[in-house]
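K.L.:
First, the structure itself, so that you have it in front of you.
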Amino acid sequence: MFNLMRLIHRSFSSSPTNYVLQTILPISQLCSNGRLQEALLEMAMLGPEMGFHGYDALLNACLDKRALRDGQRVHAHMIKTRYLPATYLRTRLLIFYGKCDCLEDARKVLDEMPEKNVVSWTAMISRYSQTGHSSEALTVFAEMMRSDGKPNEFTFATVLTSCIRASGLGLGKQIHGLIVKWNYDSHIFVGSSLLDMYAKAGQIKEAREIFECLPERDVVSCTAIIAGYAQLGLDEEALEMFHRLHSEGMSPNYVTYASLLTALSGLALLDHGKQAHCHVLRRELPFYAVLQNSLIDMYSKCGNLSYARRLFDNMPERTAISWNAMLVGYSKHGLGREVLELFRLMRDEKRVKPDAVTLLAVLSGCSHGRMEDTGLNIFDGMVAGEYGTKPGTEHYGCIVDMLGRAGRIDEAFEFIKRMPSKPTAGVLGSLLGACRVHLSVDIGESVGRRLIEIEPENAGNYVILSNLYASAGRWADVNNVRAMMMQKAVTKEPGRSWIQHEQTLHYFHANDRTHPRREEVLAKMKEISIKMKQAGYVPDLSCVLYDVDEEQKEKMLLGHSEKLALTFGLIATGEGIPIRVFKNLRICVDCHNFAKIFSKVFEREVSLRDKNRFHQIVDGICSCGDYW
């Protein structure tokens, strides 16, 4: 707490003899004219004659200017003159301290209030929530309920924001019950906060039900449901919802567009992203950092790194998220040297400190860029405190991925053993994936079994272990793993690839027979296969994870979704037009080899984005250097 007594003494020891005005203006008029210091001097001269309107004007002026010391003088004057402020003025004091980030002082004002109203409680809850003190916000809400205070729509809208951060969905559902009980569920503020809470908790079905039941919708509620879909990776649903609401007359704001860009990034819809960018410019929306960061992320994930960098370079002020978006973009393209160069620039500028995400992007860039020793040095620097961020489990997982990607499986295994804490499923999963690529069966089997114990519901662990056994020809073990999956009702995420043509997404699954042009695609695939073999393509049968004969394996390889999408791209696009294909899982070795020879035979630039990174292929040469 500030030294009130010293300020009290200063308020009344200031000699007014040098203060001469021909006409003494009222304090409220001085404040409205921006003459705060004169108003404070007038307060000192009036002493105990100060009243409600003068204090109110002074507190509002101090609040507008975030003038902490001047506001403290006003508070000190109240105490010295034994003025007993009404609940309204005490609430203004609380809000003033909260806005000046003096939360302890704000809380003290609340605790000392003889009578509290809904505005007082809500102001304290709101400021705690806005500053990330979610537990404290919920504590104040609980005190409010115990003191028989009745929340209003603003209280509920504010406290719901804190539920997910601090206590998960359980408490949020209890508060939802109170909202229904007191008939606040139809209020637009409360409804928007409710659907935002459920969406952030992954309960998008409940969020959608709330959204559809709202008696009226504004841009906040519309943005909340779009953002909910985008945050959960339900990008198509987010895009459909945006188009629906736009057709219903919703006027998007910058937050809406930021959420839309997140969805377009996930779908890699570059043309749609460019259109959204044009809409933003045409509507002259505020170009806040959150929108610029979303644009950088969208262009990076859609493969247009040069434009992403241009946006980044032209930003008047960059946040940590801006730097991270650009670093992640370079990392996903395997451009490790560009990652390190940008990281050096960030540190040299000294305006924004690297955070945990920054270092994760840098380590990932080293991993994809074949710079293991550099990555290890940076990690050692993190441990030593050189970057102000200690390594977390994700950083350890990135080092395991880096060593495993380089084939240093034993070293990665030993690194895990030396971890200061128990390795998470993510860390072990990185090692299992590396064991599958480099056929390290013994370590992979041990890690895979352990992973299945840790997270028995994760289908990916079963699949990778099964694939490892299949690569080693251990078909009995493959069957055992698949039987285990059936017994536990664990289902694998189906692989799919997609390509955009004429503003439409065309999806393909393995051995797809559902596409409207399937007969044309399959006929073209047979023609392509002959030309590819003549050019030197040899199917990598080790990528078929079933115990069947070689002829059947070759047929299965030709049915992979990436190949079907490439074939459709060749049919649907004009000669020489680049073909861009996207896949939700990691591309297999055979499809990667196929795409390289495809680009050379048909003289097409091929861009493949899988779960991990981009592959830019020109004339048979891939940007990854066959290292991914």
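Quick reminder: no glycine exception, Cβ is built from N, Cα and C everywhere.
Annotations for this protein, taken from Swiss-Prot, read as follows:
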REGION    427-502  region 'Type E motif'
REGION    503-533  region 'Type E(+) motif'
REGION    534-628  region 'Type DYW motif'
REPEAT    51-85  repeat 'PPR 1'
REPEAT    86-116  repeat 'PPR 2'
REPEAT    117-151  repeat 'PPR 3'
REPEAT    152-186  repeat 'PPR 4'
REPEAT    187-217  repeat 'PPR 5'
REPEAT    218-252  repeat 'PPR 6'
REPEAT    253-287  repeat 'PPR 7'
REPEAT    288-318  repeat 'PPR 8'
REPEAT    319-353  repeat 'PPR 9'
REPEAT    355-389  repeat 'PPR 10'
REPEAT    392-422  repeat 'PPR 11'
K.L.:
Sort out the residues at least 6 away from either end of the repeat 'PPR 2' (86-116), same chain, that have Cβ-Cβ distances under 8 Å to it, and list them.
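P.N.:
Distal contacts: 1-2, 52, 55-56, 59-60, 62-63, 66, 68, 71, 75, 123-124, 126-128, 131, 133, 136, 140, 144, 147, 149.
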K.L.:
Could you give the residue numbers and ranges of same-chain residues that sit at least 6 residues beyond the repeat 'PPR 4' (152-186) on either side and whose C-beta is under 8 angstroms from one of its C-beta atoms?
P.N.:
118, 121-122, 125-126, 128-129, 132, 134-135, 137-138, 141, 144, 192-194, 196-198, 200-201, 203, 210, 213-215
K.L.:
Below 8 angstroms Cβ to Cβ, which residues of this chain, lying six or more residues outside the repeat 'PPR 11' (392-422), approach it?
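P.N.:
Here the qualifying positions are 356, 359-360, 363-364, 366-368, 370, 372, 375-376, 379, 382, 428-431, 433-435, 437-438, 440, 443, 627-628.
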K.L.:
The repeat 'PPR 5' (187-217): which same-chain residues, six or more beyond its ends, come within Cβ distance under 8 Å?
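P.N.:
Hits for the repeat 'PPR 5' (187-217): 153-154, 156-158, 160-161, 163-164, 168-169, 172, 176, 179, 224-225, 227-229, 231-232, 234, 245, 250.
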K.L.:
What counts of helix, strand and coil residues does DSSP assign across the region 'Type E motif' (427-502)?
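P.N.:
The breakdown for the region 'Type E motif' (427-502) reads 52 helix, 6 strand, 18 coil.
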K.L.:
With Cβ-Cβ distances below 8 Å as the criterion, list the same-chain residues six or more beyond the ends of the repeat 'PPR 7' (253-287) that contact it, or say none.
P.N.:
219, 222-223, 226-227, 229-231, 233, 235-236, 238-239, 242, 293-295, 297-299, 301-304, 498, 500, 503, 505, 580, 582, 609
K.L.:
Take the repeat 'PPR 9' (319-353) and find every residue of the same chain, 6 or more past its ends, with a Cβ under 8 Å from one of its Cβ atoms.
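P.N.:
Same-chain contacts beyond the ends: 289-290, 292-293, 296-297, 299-301, 305, 308-309, 312, 361-362, 364-366, 368-371, 374, 388, 609, 612-614, 616, 623-625, 627-628.
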